[in-house]
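Participant: Below: one structure in structure tokens.
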Amino acid sequence: MDTLARQRDQHTLFVVIVGMSLTFVVFGFLADPPGAVLRGIGDIVFARDLMITDFVGVGGLGGAFVHAGVVTLVACAVYRITGAPVDGAAVACLLLVLGTALYGKTLLNIWPIVAGVALYAWVRGDRLADHVSTAFFATALSPIFSVLAFGTALPAWAGLPLAVGTSVLIGFVVPPVARRLFDAHAGFTLYNMGFVAGVVGAVVVSVYRAFGLAPQPEMVWTSGNDTPLLILLGLILLGLLAAAFARDRAPWRHYGALLRRDGRAPSDFLDSDGAAAVLLNMAVIGALATGYVLVIGAHLNGPVVAGILSVIGFGACGKHALNIVPIVVGVALAGLLKPFELTDPGLIWAALYGTCLAPIAGRFGPHWGVIAGFFHASTAQVTGAVVAGLNLYGNGFAAGFVAAVVAPVAAFLSHPRRDTATEDEPVPAA
């Protein structure tokens with residue numbers, strides 16, 4: 001793809017994301033009066049913010065969605081000001097921000113980690129633009145700021161500096177750790193930063209737990225807003241579809257090539273297949289994710305909408321209909337064999353966020369995707385306790401372990417006599 005076409009495609013996706021964020025803001029003000037919205041945003045910003053805290057239950061439907069839209073618009077402004085490219089990874093990052101700002105990231109708690117990544121870039125002499133996506137991905141650990149600042153018995157004069165210092169340090173160490181830990185799963189999970197945040201978060205939580213500062217996870221999970229949220233999702237999906245056809249009257253022309261890709265990270269469907277095919281893909285997999293939630297009878301709320309947005313966002317850099325369905329089938333199968341309901345929050349998230357394992361299905365076949373999804377459903381139930389609910393990408397942490405185990409086994413059994421000199425070895429030998 002030539003430079004001009006790439007810039008045009010990136011601008012298209014940037015405009016779409018800004019449009020989605022503004023849609024959230026408008027939706028929020030339609031849901032609640034302005035006064036209630038502003039009070040809700042205040043409650044959200046100073047919330048204790050442990051997983052899973054549905055901001056709809058903290059600041060109301062209007063406050064939660066206006067807050068999420070504003071956080072994402074500010075993130076978009078950072079991309080524009082720094083000149084960071086809005087490539088496939090950036091699309092996924094921004095929609096992850098839009099979603100997780102419904103249950104964890106706030107207008108206040110993301111900035112110390114972003115500052116830490118900026119400090120890392122400055123020390124290395126790198127352009128900040130090259131690290132913007134890393135910075136916003138790293139805000140998976142932003143609840144640590146909220147908990148230390150507002151959720152402990154420490155006085156404000158001690159808690160706030162501790163929260164800022166810890167978060168800046170996290171942002172500073174995440175980039176080099178992310179590079180090294182990528183080798184553990186070799187790109188077979190799309191949520192590398194979730195894996196990294198889990199490892200870093202486990203270290204931080206262990207230290208604070210030793211001093212009696214680690215909090216106990218809590219649950220705020222709302223229901224009763226199915227109809228308005230379904231309408232909102234429907235408008236977003238229709239908007240993506242309309243944008244695909246506005247960009248290309250026949251967006252399916254390149255969609256077939258996209259579906260043939262395995263999605264292994266780092267993938268950039270925007271660069272390889274163009275904006276029209278990516279927008280069509282995002283609409284299709286978003287509809288599949290929404291359909292799954294409706295079929296199992298789950299309620300729509302902030303965290304569930306966030307999970308659907310994560311599926312949509314990574315439709316620009318790894319996920320498509322053929323490689324996510326086997327993962328969801330594996331999670332659902334595991335759920336049916338356990339003494340849980342598919343509508344339990346943990347299993348809903350495992351199905352939606354577990355699609356980060358899509359490259360396993362894409363590379364080794366759907367049966368391996370089902371196996372990966374099956375194991376992920378159990379692993380995700382355990383790993384959350386390790387970080388005390390402070391990693392917003394908890395399923396990414398679990399998926400890193402699943403990918404590190406399943407991918408090399410799948411690679412070996414798929415090519416048991418493979419020549420080790422063969423180019424593009426799926427998993428490093430050591």
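Using the three backbone atoms N, Cα and C, a Cβ is placed for every residue, glycine included.
Summarising the annotation, TrEMBL assigns transmembrane segment to 12-31, 51-79, 86-102, 108-123, 135-154, 160-178, 190-208, 228-246, 274-294, 346-362, 396-413.
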Participant: Decide whether the stretches the transmembrane segment (396-413) and the transmembrane segment (86-102) have at least 3 CB pairs under 8 angstroms, with pairs required to be 6 or more apart in sequence.
Facilitator: no
Participant: At an 8 Å Cβ cut-off, counting only pairs 6 or more apart in sequence, do the transmembrane segment (228-246) and the transmembrane segment (12-31) clear the bar of 3 or more pairs?
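Facilitator: Yes, these stretches are in contact.
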Participant: Take a look at 51-79, 108-123, 190-208 and tell me which one has the most Cβ pairs under 8 Å to the transmembrane segment (160-178).
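Facilitator: When the Cβ pairs under 8 Å are tallied, 108-123 comes out ahead.
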Participant: Please determine whether the transmembrane segment (190-208) and the transmembrane segment (346-362) are in contact (criterion: at least three Cβ-Cβ distances under 8 Å, sequence separation 6 or more).
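Facilitator: Answer yes: the transmembrane segment (190-208) meets the transmembrane segment (346-362) with 3 or more Cβ pairs below 8 Å.
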Participant: State the non-local partners of the transmembrane segment (86-102) in its own chain: residues 6+ outside its ends, Cβ under 8 Å from one of its Cβ atoms.
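Facilitator: Result: 10-11, 13-14, 17, 20-21, 24, 54-56, 64-65, 67-69, 71-72, 75-76, 79, 132-133, 136-137, 139-140, 190, 266-271, 278, 302-303, 305-310, 312-314, 316-318, 392.
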Participant: With a Cβ cut-off under 8 Å, give me the same-chain residues at least six positions beyond the ends of the transmembrane segment (135-154) that come close to it.
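Facilitator: Those are 46-51, 75, 78, 93-94, 96-97, 100, 104-106, 108-110, 112-114, 116-118, 160, 162-164, 166-167, 170-171, 174-175, 193-194, 196-197, 200-201, 204, 208, 213, 215, 389-393, 396, in sequence order.
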Participant: Do any residues of this chain, six or more beyond the ends of the transmembrane segment (346-362), have a C-beta under 8 angstroms from a C-beta of it, and if so which?
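Facilitator: Same-chain contacts beyond the flanks: 187-191, 194, 261-265, 267, 289, 292-293, 296, 298, 303-304, 307-308, 310-311, 314, 318-320, 322-328, 330-332, 335, 340, 368-370, 372-373, 376-377, 380-381, 384, 393-396, 398-399, 402-403, 406-407, 410.
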Participant: When you scan the chain for residues with a C-beta under 8 Å from the transmembrane segment (51-79), skipping those not six or more beyond its ends, what do you find?
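Facilitator: Residues packing against the transmembrane segment (51-79) from afar: 14, 17-18, 20-25, 27-33, 36-45, 86, 90, 94, 97-99, 101-107, 110, 114, 132, 136, 143, 217-222, 225, 228, 232, 301-303, 345, 384, 389-392, 394.
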Participant: Near the transmembrane segment (274-294), which residues from the same chain, at least 6 beyond its ends, have a CB less than 8 A from one of its CBs?
Facilitator: 1, 5, 8-9, 12-13, 16, 88, 91, 230, 233, 236-238, 240-241, 243-245, 247-248, 251-255, 257-258, 300, 304, 307-308, 311-313, 315-316, 319-321, 324-325, 328, 348, 351-352, 355
